[in-house]
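Per Swiss-Prot, the feature region 'Phosphoribosyl-AMP cyclohydrolase' maps to 1-275. Among the features that Swiss-Prot reports, region 'Phosphoribosyl-ATP pyrophosphohydrolase' is placed at 276-357. Sequence annotations record features per position, and here Swiss-Prot assigns region 'Histidinol dehydrogenase' to 358-842. What Swiss-Prot records for 380-403 is region 'Disordered'. Under the heading compositional bias 'Basic and acidic residues', Swiss-Prot lists 390-403. The Zn(2+) binding site feature in Swiss-Prot is assigned to Gln667, His670, Asp769, His828; the stated evidence is similarity to another entry. Among the features that Swiss-Prot reports, active site is placed at Glu736, His737.
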Amino acid sequence: MTFPLLPAYASVAEFDNSLSLVGKAVFPYAADQLHNLIKFTQSTELQVNVQVESSVTEDQFEELIDNLLKLYNNGINEVILDLDLAERVVQRIPGARVIYRTLVDKVASLPANASIAVPFSSPLGDLKSFTNGGSRTVYAFSETAKLVDVTSTVASGIIPIIDARQLTTEYELSEDVKKFPVSEILLASLTTDRPDGLFTTLVADSSNYSLGLVYSSKKSIPEAIRTQTGVYQSRRHGLWYKGATSGATQKLLGIELDCDGDCLKFVVEQTGVGFCHLERTSCFGQSKGLRAMEATLWDRKSNAPEGSYTKRLFDDEVLLNAKIREEADELAEAKSKEDIAWECADLFYFALVRCAKYGVTLDEVERNLDMKSLKVTRRKGDAKPGYTKEQPKEESKPKEVPSEGRIELCKIDVSKASSQEIEDALRRPIQKTEQIMELVKPIVDNVRQNGDKALLELTAKFDGVALKTPVLEAPFPEELMQLPDNVKRAIDLSIDNVRKFHEAQLAETLQVETCPGVVCSRFARPIEKVGLYIPGGTAILPSTSLMLGVPAKVAGCKEIVFASPPKKDGTLTPEVIYVAHKVGAKCIVLAGGAQAVAAMAYGTETVPKCDKIFGPGNQFVTAAKMMVQNDTSALCSIDMPAGPSEVLVIADKYADPDFVVSDLLSQAEHGIDSQVILLAVDMTDKELARIEDAVHNQAVQLPRVEIVRKCIAHSTTLSVATYEQALEMSNQYAPEHLILQIENASYVDQVQHAGSVFVGAYSPESCGDYSSGTNHTLPTYGYARQYSGVNTATFQKFITSQDVTPEGLKHIGQAVMDLAAVEGLDAHRNAVKVRMEKLGLI
């Protein structure tokens, strides 16, 4: 509840600043004073009210409506109007905040919660009853009321409207001074059940942050109002002038009381070390949230060390503006509750930096919010043209996948389908590359510029875990690698097979004498520092760690760095750590996504910079890999682009339906954007039905059935007549995994584009994923037309050399000079010419 008094002024020019602690004022309405009234309202913390005192003609009514709209929309709190005029205004201005000035016999016709102003001469019992137990605000007005009338009215819960010239903040008045002490009006509204007669008093700052709890008395309150400072009642020492000895003084901004009138709130401006005797701002502990951030930024504005990020923001207007726009864009893109909260906090930080830079306080921001809430008319609210984009034509929405019902692939008979239908069936789920790049770029830039700090923040944001360090260094603790014996044996066997296959790929040095005296060579050298990305996502994939780590070790890479997102408790899956130990990894970056890729590409304080990055991942990982590869400052290459996992199975009537379906589902469970394709060669409807039944029956038994259901919804069975037709379509599709469950395996020779081929009924794709020895890091999304899967050579680069003897120069020298002359490169020609001249060859 506010101070129980409404001072009335003849104009804003007569405002008495000593009465500002009352917190409100009322001024007369005058059309020619509208500008001054609005200007005053926008410059003060007071609740400003307006009183329309004179009658209004019909000609003046429309002008009044227009002016009241301006007043409301610029922060005027309430308008006092005669009953009839008020009712007309409310009809014209929905939401108009009015105080009905009326006589007591008219009050019953008004809404029970409508604010009213009635004469002091009304019976006090009636006035008190009009408050409806506190749900209605009742004002009383008179030019002739006496102090005893005012105090008794206030004691009944009524707010008097008093000419400000009759009010004073003094309380020891001579008999000839006919003014009302503001303190007596306040005291009349207070009650206490304490034996000592004191009033519990909460002290708060202008932002409503509690500083401490004290006591006030009938002596301290008048003195506080007179001095406009924090004066309280000490139970041992009498009046307590806050800060009189410590220097931590208080300017009294306002006094409020609670709904029962037995507790006060002093709103103050605190100076010095703070309110608390422990030299803290508050007795209730440190501030948090926006207030704490504001205090820190105002301190940094004066004291930030050179080179600090906040100092950069204060000094670099372009950087600060760019960060505000960047964070606003990220907030607009955020979808989850956690991401929205995170991005909003970032935006608040940079916005508060700008406020602090230009001397704008949170109180001023909140004042503007409060004023906006008082508007009764609204703008249309459209964004400015520069912030809107022409709406693209509505794309056909993907069909909604039912959460129940039969799980089955779409079916197409190639002999009856159009070429467009076939093309659509083989089209992968759309990857919105441009949008993904826009999301990834700020992440990559953040890590590049801010290193470990950004990496830790992004891990907290995306993985939900706060880490002290982003790196787990080798040697890795034994307790982090504890595995069941069967799992350890499986990993060891898989590592051994992958090692054997990749060691066999090591190439001998190639040496060719192209003509007498000219020997050309090619030899392999390992890439020195490699970064291996091990995905997390919907499934933990420790197998990827061995598929990347073993070839890196075989190739002889000197520095192997793993990166994998941590679990919610900050740890990694022990299988990944065990493999890292087995392949001699230097460290494991505890991060996933684009931030992990950026850390390995550019290096941070703790993450070594890598020369090449390997490994599959989601669309954000792929976008980050492609982004850093195209940044010449990163000097970092990648193994290949990657997309969602996929399989194409070619099966004939001799294939076991259960085998076929198990291969399809083993890829479908990777993710909802995975795709599986079945090319059914010369199958009857009955044979196809057996496969369809097996799809549903096996799928519903899987723990990841909901992922499978959504993947199968955009996957297809295509019926073809011949093996040749199936292989042609497979080469067109260029699958990551190609499985041939056909009677005659000789068709392998016709495979032109595939990441890896699995031949025969007993070669499930799962074997290649784990233990057969081939690598499971393969090109997806059709990139098998241009890229190989990861192999030993992927971790090497090949250097050529040539050794030319005088005899060799005799054979090729003239040809070199002639070609250099054709290209106009005389220095090239001369490098051969001077040698041949000294040899006497020309």
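From the backbone N, Cα and C atoms, a Cβ is placed for every residue, glycine too.
Taking the C-alpha positions, the distance from His670 (Zn(2+) binding site) to Glu736 (active site) comes to 13 Å. Long-range Cβ proximity for His828 (Zn(2+) binding site), meaning a same-chain Cβ under 8 A and a gap of 6 or more residues, is found for Val816, Ala820. Across the structure, Gln667 (Zn(2+) binding site) and His737 (active site) are spaced 9 Å apart at their Cα atoms. Look at the recorded positions Glu736, Asp769 and count other Cβ atoms within 10 Å of each Cβ; Asp769 has the fewest. Long-range Cβ neighbours of His737 (active site) (same chain, at least 6 residues apart, Cβ-Cβ under 8 Å): Ser645, Glu646, Val647, Leu648, Gln667, Ala754, Gly755, Ser756, Phe758, Glu765, Gly768, Leu778. Look at the Cβ of each of the binding-site residues Gln667, His670 and count the other Cβ atoms within 10 Å; the largest number goes with Gln667. Taking the Cα atom of each, Glu736 (active site) and Asp769 (Zn(2+) binding site) are about 12 angstrom apart. DSSP labels the residues of the region 'Phosphoribosyl-ATP pyrophosphohydrolase' (276-357) in these numbers: 60 helix, 0 strand, 22 coil.
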